[in-house]
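**Student:** Below you will find the structure I want to go over with you.
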Amino acid sequence: MESLLSDKWDVKAKHSSSEALQRWRDLCRVVKNPKRRFRFTANLSKRDEAAAMRKTYQEKLRIVVLVSQAALHFVKGMQLGDYTVPKEVQAAGFQICADELGSIVEAHDVKKLKLHDGVSGIAEKLATNASDGLSTDAEALNRRQEIYGINKFQESKARSFWVFVWEALQDMTLMILAVCALVSLVIGIATEGWPKGAHDGLGIVASILLVVFVTATSDYRQSLQFRDLDKEKKKISIQVTRNGCRQKMSIYELLPGDIVHLAIGDQVPADGLFLSGFSVLIDESSLTGESEPVIVNAENPFLLSGTKVQDGACKMLVTTVGMRTQWGKLMATLSEGGDDETPLQVKLNGVATLIGKIGLIFAVVTFAVLVWKMVSQKWLMGTTFSWSGDDALELLEYFAIAVTIVVVAVPEGLPLAVTLSLAFAMKKMMNDKALVRHLAACETMGSATSICSDKTGTLTTNHMTVVKSCICMNVKELSTPDDAYDLRSELPESVVKILLQSIFNNTGGEVVVNKDGKREILGTPTEMAILEFGLSLGGDFHMERRASKVVKVEPFNSTKKRMGIVLELTKGGLRAHTKELENGFSAEDNIPASGYTCIGIVGIKDPVRPGVRESVALCRSAGVTVRMVTGDNINTAKAIARECGILTDDGIAIEGPVFREKSLEELLELIPKIQVMARSSPLDKHTLVKHLRTTFNEVVAVTGDGTNDAPALHEADIGLAMGIAGTEVAKESADVIIMDDNFSTIVTVAKWGRSVYVNIQKFVQFQLTVNIVALVVNFSSACLTGSAPLTAVQLLWVNMIMDTLGALALATEPPTEKLMKKSPVGRKGNFISAVMWRNILGQSLYQFLVIWFLQAYGKTFFRLHGCSDSDLILNTIIFNTFVFCQLFNEVNSREMEKVNVLKGILNNYVFVSVLGSTVLFQIIIIEYLGTFANTTPLTLMQWLVCVFIGFLGMPIAVVLKLIPL
């Protein structure tokens, strides 16, 4: 089936071009319900609109720079009196309005900023304190919010249930059937009167409404799930000072006047102005498209919402929030752009389109055969030109059957089942500490053949402590706080002074007082461990900071693998930690990379996480290779890798510098054997991932937490960012955020990914079986007998069983441990496998033979000869048997290869509920809705035979599974 599809149906798991996404849409020109089929696909027009906005803003910024000098004489003539503070702003206690603030930052208007007395003047007019931040008084914050707005972008309103009902009604085939029902009602009432003449028409109407409401309910619940997931994805926290206390806060609570602390990897949460900081480089590409980073300092203090801190750290004064920022307007448009459709969604759209064309041909031929039989019969009876109301109704019924064959034949539920299964998995994965940012990641993770994992925080606990030190050649174990106290007493005071100066200044961490009044250490786990060590030596963080005058800071990044700071000494001269520095250093110079004097060495311990070794072994049994990529030295890396079970006797551990020197031929031989890469740079990780994907055709998942990991996360098939230690840049580049930074959670994601893949295979197997049987039965019956055993109403019910209800039952099966005992599908695996075709064709053949037998010998078998309504009873039995065949086949589809299909069935309440409700409705349709559904009540024996024939599909399935492939 898949081989019949052209490469136009192929899209990438991520970063697909707009042309590729548009190409497959063009192949789906005629679909039953475009609104439903394309609901969970990217809105390309909205994306184009967002791209146009970016281009416009980029041009706007360029013009600002060019025009600023030409307009200098005009700006110089401006007076502060030219700006009038609105009365409502003054009444609220502020001296500048939101529009004025927006114009200053957005236009990078230095002159206007100076007219307002610079950044300090803006802070004063915003009634805030650059050191202590805003007051936490609720009334004052509400007043500020009323004047300046909230930091949220405008989102489209949640669609109500009735919108989904309306969209379900847009189904072309249902609309045609509705017209048929209307004509049937008119003709029926005209010829047979009320209510007898209305039965057929009302039956179709009732079936349509049932299909519409069940479909709408399923779609509505799905939309709520996605909305909840979107809320989780948008939960971003930032460090803010309020009431003099440093605290984590949601970016959506920010207000103009807030003091925000930014560091490498943070996303700027609102428009603002630089207050203080060092070496700040801002990546504005997300907003302007410019790849060159912008230096932000006191001379160029403008910070734009949505941009990212590429280097350095600073404090920012928030000036403009929400929809008043360019980022807010851009995000409002981008949020309507949606996620890229997944490769499986597109592939199954192709399958649905292909089967739809086949179904349409069958429907046309079936209708033609039925009409020909009818006309032939009238010809023989000599009534060719005499048409009654009954003839018109019969003709209308034939047309309705043909349309309903299209309804059943087109597996509209295939691509939607992917979305349903992915939504279900994403929701469950949230409970397992994994936040999926992109829909395709769920699907792709199931095909992963390689995981490139960081060491710190992922394989280890990320809870670091200083356990050993070597200072002045004095080596000491530090297992208790008393050990640190003893160490201080053994060191010269001058050494302790320089050591504490280094610890408390040469760090990206901080010691703060939180809102509960307790001391809290902020920063990376390494920095926190060293700061804790400094405090245990009796150091005072804030006193040391006040005593030091910082000249320059170069924050740590994974490229330089060091952090440097230059201090001006009180007795003259400069010191770069950790060295004495000669006079003459300029803040524009780079901090020296050599010539240092060692003050001391500390040993920091970060234990391996519990369960990691078992998780690595599970990956190996699942055919997934785990590699460790770390910046640590080779000995530490090998020791941890062996403890985790990653490094084996036949594996290779290599250092980044050595890896970089290898030729392409050497790399081709080396890469498959690499299990550990130590002292690696972000470029090494990116190169390794790229080779694994392109050269060795592996599906690669890679972890990362820093800004410099973004290229590797972007390059990988699945980028996994760490939720605790990860920067916002890393999270933005990732497809899945691991909320607990635990490698075991990554294995859980892989398990869910495989579950999604297998669940969709189960549903496809089930639905294609129904498609084939329904098509062949109605077509062959029309050709051989001149009538169709399954009416329009009955086919609509079958369609609902196989489409919405079938997807609910099979696409929501939870993962099992056995999923991790198979090899991954990889990049080029066939989705509709030989095993599936064996099961589909075997069950289809059995069901067709059973229904053919009932059509040919049913009256004799059930002793219906002589009954006035024998045809109606037999057709009811055929319909009932057909439905029970589908129900038992639904149970069979729970396992495609295993014989025991009942294992764990009671644990899946959705499956049991769907099965139970289907049986209940089937009983109601047969016993009580005969007038509308063209059925008649059956005897207990007839019911038992129908159920038994359906049940026989289970032992048949066992036999089929024994056929080797």
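The backbone N, Cα and C atoms fix where each Cβ goes, glycine too.
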**Student:** Looking at the candidate ranges 202-220, 772-790, report the one that TrEMBL labels transmembrane segment.
**Tutor:** 202-220
**Student:** So what's the average pLDDT for the domain 'Cation-transporting P-type ATPase N-terminal' (115-189)?
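**Tutor:** PLDDT averaged over the stretch: 86.
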**Student:** Taking the transmembrane segment (941-963) as the reference, which of 161-190, 395-425, 831-852, 872-889, 909-929 gives the largest number of Cβ pairs under 8 angstroms?
**Tutor:** 872-889
**Student:** Under 8 angstroms, Cβ to Cβ: which one of 161-190, 202-220, 872-889, 909-929 has the largest number of such pairs with the transmembrane segment (395-425)?
**Tutor:** 161-190
